[in-house]
Structures are given as C-alpha cells and as structure tokens.
Ligand SMILES: NC(=O)c1ccc[n+]([C@@H]2O[C@H](COP(=O)([O-])OP(=O)(O)OC[C@H]3O[C@@H](n4cnc5c(N)ncnc54)[C@H](O)[C@@H]3O)[C@@H](O)[C@H]2O)c1
Ligand SMILES: O=C(O)C[C@H](O)C(=O)O
Ligand SMILES: [Mg+2]
C-alpha cells in the first residue's frame, strides 16, 4: 500500500535516499506538495538534497512543535468557520501536520472539519474558496470524466477510496451545488483521522450536475455549473461514465456515495450495489450506526430487538435506510419479515405513511400501513402516531428542528419506561430535539443519541454522556475493512458486522453511559470495526485478499501522521 509520490512516506520506508527531481518535486515545488511537504521539519540534509537551501528559515522544528504552533494559530481564529478555513489551508500545505493535529484533538476538531461546521463551509464554499481539492466533474463535459482522473497521475493500485457527492441533499441543508465538495473532503478527512486510510490514496469527487439553489445561481461568485440540476438519462449516463472510469482506472477502489437525493441515491445503489465495491453512506452507514445504538439500548432496557416498536420521523434516504436495518435485525431476532415491518411506523410530510397516502415514494412503499389499520379520518401526525403506536424507539431524520416536542416525548414516556430517542438530523439547526430537554422531560429516563456532537448533560446528580449516532463512527472502519479485505462488494453481513462491532465497544455499565463508543477512541474503535468487517467479508467469500492475520493486517494498513 505504498503511497504514490509521497516523499515523506517513502523516506520512512527507507526508499527516500537519492531522490532526484525525476521522482518528485524539489525546491519550492516540494513545499507546495501537501503530501510531501514537511515545512521547517525538513532536516538540513533533506534541505540540501531537495534543493531547499535558503528557502526555509534556518531552524529545524519537530512535528510536535509544528503541531503546537498550528494549535496556537487555530486558537486565534475567530469562530468555527474561520477554524475550518484555517484547517483546510493547513490541509493544502502539509497533510501530515494537518492529520497530526486532527488525530491528537479528534473530539475538538471533528466538529470543525466535519459536522456541524462543515455545513457552514458548504454554504460559504464559493466565498471562502482558495484552492481546489479533489476531482470536479461537470455534467456539461462528460468527455472529461476519464481525463480528469488520469490527470491525478495515479496508477491502478494507487487508489483505495473514492468519495463522491452530487450535493442534492447535503446533510439536512439541501442543495448547495459545487459546495458539496466540502462533504467529500470532510468525509475523507474522517476516514484518514479515524481509520488511517492513506490521504494520498483517497480521492474526493464532486459530480456537478447543476443546482436547484436559486441563490447560488444568482451569486456572481458561485464557482459551480450555473444551471438547474440535470436529471433523467443525461444524469444516469454521467454517473455511469464516472463509475466506469473509476472502475477501469482504479479497480481496487471502494466507491462511497454521499448526500445524494433519495431518488438518485437509492437508484444508484440498486444499480451498482451488487456489482462493485460500493455503498451509500446515508442509507447504509446511517442504518448500521443506528442499529448499533438500538442494539445497545435494547441491552440497557432489556427489551429484545423483536419486541421493539419503532417510529421513524422523516422517511427519506436515512430514515428508510435505518428502517431497513432495524427490520432486518428484528428478523434475525426471530420475526418474519412481515411482522418486523409491522413494528415500524414511518411518518413523513404527509403524516403516517399509509397505502392510500398520496405521493408515496417507491422506497417508502414497504412501510406504508394498511388503510384498515389506520383509517383515513384518524389523525396521523407525529403526536398521534406516537400516542397510538407506543414506540420504544423514536428516530428523527426529518431535518425538522424541534419536531420532538415536550408533548411527543412525554407521551412516549407514558408508555415505555426507558424511551429511546434518537434525533439524528444534522447540522445543529436541524436537530429534532436537544438531549438536555429530552432528558429533563423524562426525568433522566430517556436513552438519547444525536447526529451532531453534544456535550454531556448533568441532571439530578447524574452525568449523561450523549453518544454520537453519526455514520462517522462506522464508515471509516467499514471502509478500512473493505480495503484490507479487498472485498468485491459491501454486503449486508459486513454492515451488520460493523454495527455489532461498534455496539460492542460501548461501555454501558455506568448510569448515564453513552450508547456508543466515544469519539476520542475512534481510531482504536475503527480498527476493531475494520477487523470485524474484513473477517465477515472472508466468511462471505467476497474477500480477494488473503487474510492470515486480520488484526495485524488492519494495523499495518493504517497510515500514521508522521514524517519519514
Ligand atoms: N446522524 C447521521 O449519521 C445521519 C446520516 C444521514 C442523514 N442524517 C440526517 O438526516 C436528515 C435527513 O437526511 P436524508 O439524507 O435522509 O434527507 P432526505 O431528504 O432523503 O429525507 C428527509 C425526509 O424528511 C422528510 N420531511 C421533511 N420535512 C418533514 C416534516 N415536516 N415532517 C415529516 N417529514 C419531513 C422529507 O419528506 C424526507 O422524506 C438530515 O438532517 C441529515 O443530516 C443524519
Ligand atoms: O455527514 C454527516 O454528519 C452525517 C450524515 O452523512 C449526514 O448526511 O448528515
Ligand atoms: Mg450524509
């Protein structure tokens, strides 16, 4: 898994001696190459060898001291968006230093490079724009898809991972066109910080098919395609050209789809999911992390999976992805598919989804309740559904801030002793309820996890740690496991193995314990998840790599933010 054109890493592996300009940039060009740049950490010998004499101030600093300086500079930034911009600039200058900072301060910096600040960075993309990062593909120039990847100068064995978005449904903030590049970049940063995916072997991609966001179309500074979203056949053949180019040029790469609209996202997965190494993070990653959460809640409450009653509010990409995985888990716990489906109530804009509901989408259909069970004249809004269905678990993937009102949560708590409340919408301004409120309304009885990071809540002498039910706790390990195993596909079994591994890492012994492992331990937990995923791939016969010592192979595959 040698990195392409990365002098710092080559040197680490003892291949760094005698480099000439033929093998990589020298002089000032070397400082401009973020994967090779060490800045003032270049030793005197390296400065002489690489044509850096007189280019740098004389002192040689260690990575630790550079990280201390960067941390100081970061602290001087005015707000979280400024911190995000600062970190992205560092990312563009010196990747080892960037990841060193990220790995050393994951709980503090994940919210800056990822959710929730990444939402702000997406919205401000064209205004904060400084440098490009990743591959931008335009639907107006499908002939450029292949040359754009070829221009990376990478060979067939050089890429492990491609993260792509078309930016139609970014987090809960909707369509932000080319600004969506920041979600591909942010997801990859998490892959590297959390699971050691090599930053030089991962490619963020923006599939610019236009935008329906009028404000962007009217903004003279907007740097994306200035037309409405293209749909239909042209869209599908653009996506097909992308999949084909990646498959041919980088045959071992895992293809991760992020923040597509529900129609396209599901269709793409149906088309390619069985054929290539690919997954949709919002449907499958979110489904699996939520399953981990519910499995642990079931441990705490003592209510087995098959007895759960689940209300999903917001039956879109994430909501139905979650419903699917919870249903399958109930089936594994002894129910038949029909019984399991009947234990899930999906509520969307139209209220409870019923067979007669107008505008039902195909992926919602399996969860539509029979009309004789819920007559058309019965109220079907969230409070009525909660009141009648008496759920043990309430999932929020609606983007509706405050939708889990005091009434709804109290009504749930009237029927179950320990209600499981999961307001998963991101970023902060979209969350269905804040954990502090949910805990207060239920006298500390609720088990809560959220998509965004939330500080612990103190209530009546107990500290409630809020697990972050964000796919970031799952997809890095899933991806690393698939890469190590060289899995042909991402199977349901691999997702299930990832969910079980994450669930098993949470310490549920204390009152107020989080339902999920702490972000602080994400690197260690991603390795455990990757090991479980790779093993399952081998069991299911989709692993192409020989896995003699999976634990060691996972460790060996994890890139460390260190200079060579
Ligand atoms: N925590 C996580 O890991 C995670 C992962 C994926 C998505 N999410 C969050 O989930 C939310 C939804 O994302 P998505 O990709 O599924 O989007 P989506 O557009 O596919 O789905 C949202 C659904 O909510 C419905 N909805 C909108 N307004 C509603 C209302 N007033 N009442 C009921 N339903 C309503 C929409 O009709 C749609 O079906 C976002 O905020 C996203 O950040 C969280
Ligand atoms: O990106 C995240 O933070 C989680 C999820 O993929 C989302 O779309 O909200
Ligand atoms: Mg997403």
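Glycine is no exception: its Cβ is also placed from the backbone N, Cα and C atoms.
Curation plays no part in TrEMBL annotations; they are all automatic predictions.
So that you can see what the record holds, here are the features copied from TrEMBL:
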type	residues	note
ACT_SITE	114	active site, proton donor
ACT_SITE	187	active site, proton acceptor
BINDING	258, 259, 282	divalent metal cation binding site
BINDING	426, 470	(S)-malate binding site
DOMAIN	91-273	domain 'Malic enzyme N-terminal'
DOMAIN	283-538	domain 'Malic enzyme NAD-binding'
REGION	1-33	region 'Disordered'
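Predicted-model confidence for the domain 'Malic enzyme NAD-binding' (283-538) is 97, expressed as mean pLDDT.
Calculated from their C-alpha atoms, the gap between residue 282 (divalent metal cation binding site) and residue 470 ((S)-malate binding site) amounts to 10 Å.
Taken residue by residue with DSSP, residue 258 (divalent metal cation binding site) is part of a strand. For residue 282 (divalent metal cation binding site), the number of other Cβ atoms no farther than 10 Å from its own Cβ, over all displayed protein chains, is 24. Here the CA atom of residue 258 (divalent metal cation binding site) lies 14 Å from the CA atom of residue 426 ((S)-malate binding site). The separation of the residue listed as 'active site, proton donor' from residue 259 (divalent metal cation binding site), Cα to Cα, is 14 Å. Take the Cα of residue 258 (divalent metal cation binding site) and measure to each of the recorded positions 114, 187, 470: the nearest one is 187. Counting only residues at least six positions away in the same chain, the Cβ atoms of 115, 289, 424, 426, 451, 452 sit under 8 Å from the Cβ of residue 470 ((S)-malate binding site).
Within 8 A of the CB centroid of the divalent metal cation site residues 258, 259, 282, the other residues of that chain are 165, 169, 170, 183, 257, 260, 265, 280, 281, 317. Calculated from their C-alpha atoms, the gap between residue 114 (active site, proton donor) and the residue listed as 'active site, proton acceptor' amounts to 7 Å. Candidate binding-site residues: 258, 259, 282, 426, 470. Those with a Cβ under 6 Å from ligand 3, in sequence order, are 258, 259, 282.
In this structure, 282, 426 are the recorded positions from 187, 258, 282, 426 whose C-beta falls under 6 Å of some atom of ligand 1. Note on residue 187 (active site, proton acceptor): other Cβ atoms within 10 Å of its Cβ, all shown chains, come to 28.
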